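*Asks:* The annotation domain 'Ammonium transporter AmtB-like' is assigned in TrEMBL to 35-449. According to TrEMBL, the feature transmembrane segment maps to 35-57, 69-89, 127-146, 153-172, 192-210, 222-242, 254-278, 285-303, 309-329, 402-427.
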Amino acid sequence: MSQLATPPPPYYYLPINLRPDTLGNPDWMNKGDNAWQLTAATLVGLQSVPGLIILYGGAVKKKWAVNSAFMALYAFACVLICWVCWGYQLSFGDQLIPIWGKVNVALEQKYLLRQAFLGNFPNATMVFFQFVFAAITLVLIAGALLGRMNFYAWMLFVPLWLTFSYTVGAYSIWSLNGWLSTAGMIDYSGGYVIHLSSGIAGFTAAYWVGPRMTKDRQNFPPNNILLMLAGAGLLWMGWTGFNGGDPYMASTDASLAVLNTHVCTAASLLTWLILDIVFFGKPSVIGAVQGMITGLVCITPAAGVVQGWAAILMGICSGGIPWFTMMVVHKKSELLQRVDDTMAVFHTHAIAGSLGGILTGLFAEPNLCNIFYGKYADYLGLFYGFHLGDFRRGFRQIGLQLLGVLFVVVLNVVMTSLICLLIQVFVPLRMSEEDMEVGDEAAHGEEAYAIWGQGERLDSTRFATNDLELGSKSQIQMT
């Protein structure tokens, strides 16, 4: 009696280039998800390098263009080394305490080629994806400190803040074992971990570093608005990966998150633009960029768990409320006036991030939450709680969102203050008055723009025929 042949495995019928193999394509890995995750990570990385590098370089006074861009570039590189050596495992590794993982490296081949804690791709992909989020958080903090922070102090600040603040927030909110994560708080893609954290940390660090020179605070025009817009464009388009990558798969939820992101951002930009026209009489390009950023930040904690109409409402709120805090409340608040937040990170990230988290607690749709969280089906926005008659779960969700805001604020005020106090024991937090007067050349021995010949400065005295002409040329240069 002949034996029946063993049927081939299901993947036998796939094209050969899609079949799993025992070496580079194990059966748990999905090639499409892995490809999308690496693409999304690259898009997020482009938001920092070169996105925020050229946004900062164009948005500041000419004498600070090099220093501002270099603070961002240094942070990106420094975070990567810290991340693979200890940061990733502190944020997503085995639990040490409910807010922190155990110290370990993420460099060994055996570990990097295993399946990640979520998603059908290897740890190596997850480490890279989470790195670009950690890096942009430090780059955003730099925005509050441009134009006066001692670069050597910044070199110390980056690894210390990543280690003792970012990893705590990431583990608490994103790790499967974190206390806010297991409690059921929603932070789809970093409204709390990245934006609220960077806004509060940047504002706190700006308090300890102190303000720019008085004349720089009073007159700080962008040296290149077109360059700033190019950076802003990279930031906006890069958000496709920022929010689209967080389902950890190329899924319908990823598609929804991407669309909601851009819809909310457009609504926010237009709202800010209209308010500028109504109250100031002119459409401001810089204002439009601010409105764009607040929209991106606001939708981030909600991107894949709210419907399209909610994304538009969130965009209107994110274009209006941060505009009000920046244009009205800021001018009346003694504390906000005293702290010199160069790029208004407090308003564009702390206010917009906490706003997005709270609105997520109102608009989170239960079916979308079920798609994103899978077995964790207890997420329910307050408005849907009213609609379904489940008031307890609705109020619980908004309570958890508010608790998350409180936790992130306290964590970053305390840790950022302690880090700044520690650093100033070894190096000054601020540049000297003489160096701040000069700017880039004093800090780095380099300038952003060559204005004559092959990088040489224009010596106007060679062309002055009399003292009057010399005075006129000097005045033009200063302007």
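Using the three backbone atoms N, Cα and C, a Cβ is placed for every residue, glycine included.
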*Asks:* For the transmembrane segment (402-427), which recorded stretch in the set 69-89, 127-146, 192-210, 254-278 gives the largest number of Cβ pairs separated by under 8 Å?
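*Replies:* Comparing 69-89, 127-146, 192-210, 254-278: 192-210 has the most Cβ pairs near the transmembrane segment (402-427).
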*Asks:* Kindly say whether the transmembrane segment (35-57) and the transmembrane segment (127-146) touch, using the definition of 3 or more Cβ pairs under 8 Å where each pair is 6 or more positions apart.
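*Replies:* They are in contact.
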*Asks:* Which residues of the same chain, at least 6 past either end of the transmembrane segment (285-303), have a Cβ under 8 Å from a Cβ in it?
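*Replies:* Result: 59, 186-192, 194-195, 222, 225, 228-229, 232, 235-236, 239, 242-243, 246, 256-258, 260-261, 264-273, 276, 310-311, 314-315, 317-319, 322-323, 326, 344, 347-349, 351-353, 355-357, 359-360, 363-364.
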*Asks:* Same-chain Cβ contacts of the transmembrane segment (222-242) under 8 Å, 6 or more residues past its ends?
*Replies:* 39-44, 46-47, 50-62, 65, 133, 189-190, 258, 261-262, 265, 285-286, 289, 292-293, 296, 300, 448-449
*Asks:* May I ask for the residues of the chain that lie six or more residues beyond the transmembrane segment (192-210) and have a Cβ under 8 Å from a Cβ within it?
*Replies:* 133, 136-138, 140-145, 148-149, 153, 157, 161, 165-166, 169-170, 173-174, 185, 297, 300-301, 338-342, 345-354, 356-357, 404-405, 408-409, 411-413, 415-417, 420-421, 424, 429-430
*Asks:* Taking the domain 'Ammonium transporter AmtB-like' (35-449) alone, what is its mean pLDDT?
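*Replies:* On average, pLDDT over the domain 'Ammonium transporter AmtB-like' (35-449) sits at 95.
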*Asks:* Tally Cβ pairs under 8 Å between the transmembrane segment (69-89) and each listed stretch (127-146, 153-172, 254-278, 309-329), then give the stretch with the top tally.
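*Replies:* Checked against 127-146, 153-172, 254-278, 309-329; highest Cβ contact count belongs to 127-146.
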*Asks:* Let me spell it out: take the transmembrane segment (153-172), skip the flanking residues so only those 6+ beyond its ends count, and list any with a Cβ under 8 Å from a Cβ in it.
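*Replies:* Apart from its flanks, the transmembrane segment (153-172) reaches 71, 74-75, 78-79, 82-83, 86-87, 90-92, 98-101, 130, 134, 137-138, 141-142, 145, 178-181, 192-193, 197, 201, 205, 209, 407-408, 411-412, 415-416, 418-420, 422-424, 426-430.
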